[in-house]
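Peer 1: Dumping the structure here so I can ask a few things about it.
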Amino acid sequence: MTKDYYNILGVAKNASAEEIRKIYYKLAHQHHPHKGGDEAKMKEINEAYSVLGNPEKRQQYDQYGATFEQARTQGGFGGFEGFRDFSDFAQAFRSGGNNNSSFSFEFGDLGDIFGDLFSGGGRTRTKTRQRQGADIQAEITIDFNEAIFGNQKTINFERHQLCQICGGKGAEPGSKVKTCQTCGGTGQVLKNIGFGLGFPSVCPDCQGEGKKPEKFCHHCRGKGVINQTENLTVKIPAGIDHGQAIRLEGKGHEAGKGSAAGDLYLKIRVRPDARFKRDSFNIITKAEISFTQAALGGKIEIDTVEGKVNLKIPEGTQSGKIFKLSGKGVPHLGGRGRGDQFIEIIVKTPTRLSKKQRELLRELED
Ligand SMILES: [Zn+2]
Ligand SMILES: [Zn+2]
């Protein structure tokens, strides 16, 4: 006995494709098992829609009814399993909230989802695109002076490197490479998302290569790479600042034979120095002078990144006065020239005076 698909969906025999589609979404929403709906009912609805939602099948169904039903159960076509995948899939692509219902999307969302996939926000590997190893992020802490003048540093880090046994091919030496059965050598499979639609995705069996070895390399288990510790001497350029990073091309993970390695990003942390503050390529320091030095002038010794130098204090220097030492700042990264050092003068006002000092100051006041 033929099931009445129109009755199951609750639509008229002459309902438009649009109406059928709308009612299907409504029902799917109501009866979805994830939302506490009845699974059997949902199955029935899916079955009805798989026929009525497809113009060709609907026509067949209208014309032949029972015959068609028979053909279907004998495996004429593959039901409607895809939809569930699609909802999970849609959910996975939803960023942020708004995923309170796996069926809340409308048909128009398809465009967005495809857009996301094909514009490829990230590294969606396809057969034509070269594989690339992942980048690595690492950190190194250097002294204040090393940031100013540069240095050579040795770092240790873990990275995937080509397997020595198989040379990165992933195949056991001597074993044959054969065409991948799953994708027939194309490197891509069509993932069914329902509605008779599929989208191309990387073959899970050969990772898009289209072929795979008969026997995987025992050392790397077919990955072509092995995690190893690498010692690397890195040149720290003069003038680098805290928070900046050095990119070492090709020092990231390797991804097997014929693939480009990723890059290593070495983030620089600079240990602070109590004497110096850095402001871009300038160095800011403070120097305390005494009350009398301020009034009478004199020479003081100040710290620069190159050691101590003498600074002449003119008579009558005020607190807050800033002196500049040209060219005693930070070298411009990768270029010529150097910043300056600025010294802010702080006049220490005496807090404890002897009787004599007080008298002298009184005299000065007059
Ligand atoms: Zn190997
Ligand atoms: Zn494959």
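Note: Cβ is positioned from N, Cα and C throughout, glycine not excepted.
Just so you know, TrEMBL annotations are computer predictions that nobody has curated.
From TrEMBL, for reference:
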- Cys163, Cys166, Cys217, Cys220: Zn(2+) 1 binding site (BINDING)
- Cys180, Cys183, Cys203, Cys206: Zn(2+) 2 binding site (BINDING)
- 4-65: domain 'J' (DOMAIN)
- 150-229: domain 'CR-type' (DOMAIN)
- 163-170: repeat 'CXXCXGXG motif' (REPEAT)
- 180-187: repeat 'CXXCXGXG motif' (REPEAT)
- 203-210: repeat 'CXXCXGXG motif' (REPEAT)
- 217-224: repeat 'CXXCXGXG motif' (REPEAT)
- 150-229: zinc finger (ZN_FING)
Peer 1: Would the repeat 'CXXCXGXG motif' (163-170) and the repeat 'CXXCXGXG motif' (217-224) count as touching if the test is at least 3 Cβ pairs under 8 Å, pairs 6 or more apart?
Peer 2: yes
Peer 1: Which binding-site residues among Cys166, Cys180, Cys183 have CB under 6 Å of ligand 1?
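Peer 2: Among the binding-site residues listed, those whose Cβ sits under 6 Å from ligand 1 are Cys166.
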Peer 1: Just how many other Cβ atoms lie inside 10 Å of the Cβ on Cys180 (Zn(2+) 2 binding site)?
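Peer 2: For Cys180 (Zn(2+) 2 binding site), the count of other Cβ atoms within 10 Å is 20.
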Peer 1: Check each residue in the chain of Cys183 (Zn(2+) 2 binding site) that is at least six apart in sequence and keep those whose C-beta is under 8 Å from its C-beta; list them in sequence order.
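Peer 2: Once residues fewer than 6 apart are set aside, Cys183 (Zn(2+) 2 binding site) is near Val189, Cys203, Asp205, Cys206, Gly210.
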Peer 1: Measuring Cα to Cα, how far is Cys166 (Zn(2+) 1 binding site) from Cys180 (Zn(2+) 2 binding site) in Å?
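Peer 2: Checking the Cα atoms of Cys166 (Zn(2+) 1 binding site) and Cys180 (Zn(2+) 2 binding site) gives a distance of 19 Å.
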Peer 1: Under the DSSP assignment, what numbers of helix, strand and coil residues are found in the zinc finger (150-229)?
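Peer 2: Breakdown, helix to coil: 0 helix, 38 strand, 42 coil.
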Peer 1: Which residues, in sequence order, are found in the same chain with Cβ within 8 Å of the centroid defined by the Cβ atoms of Cys163, Cys166, Cys217, Cys220 at the Zn(2+) 1 site, excluding those residues themselves?
Peer 2: Gln164, Ile165, Gly167, Gly168, Lys169, Gly170, Ala171, Glu172, Phe216, His218, His219, Arg221, Gly222, Lys223, Gly224, Val225, Ile226
Peer 1: Counting distance between Cα atoms, which of the binding-site residues Cys163, Cys217, Cys220 is nearest Cys180 (Zn(2+) 2 binding site)?
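Peer 2: Checking each of Cys163, Cys217, Cys220 against Cys180 (Zn(2+) 2 binding site), the shortest Cα distance is to Cys217.
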Peer 1: Summarise the domain 'J' (4-65) by DSSP state, stating how many residues are helix, strand and coil.
Peer 2: 47 helix, 0 strand, 15 coil
Peer 1: What is the average pLDDT across the domain 'J' (4-65)?
Peer 2: 83
Peer 1: Check the binding-site residues Cys163, Cys166, Cys180, Cys183, Cys203, Cys220 for any whose Cβ is under 6 angstroms from an atom of ligand 2, and report them in sequence order.
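Peer 2: Checking each Cβ against ligand 2, the ones under 6 Å are Cys180, Cys183, Cys203.
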Peer 1: For Cys203 (Zn(2+) 2 binding site), just count the other CB atoms lying within 10 A of its CB, please.
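Peer 2: There are 22 such Cβ atoms around Cys203 (Zn(2+) 2 binding site).
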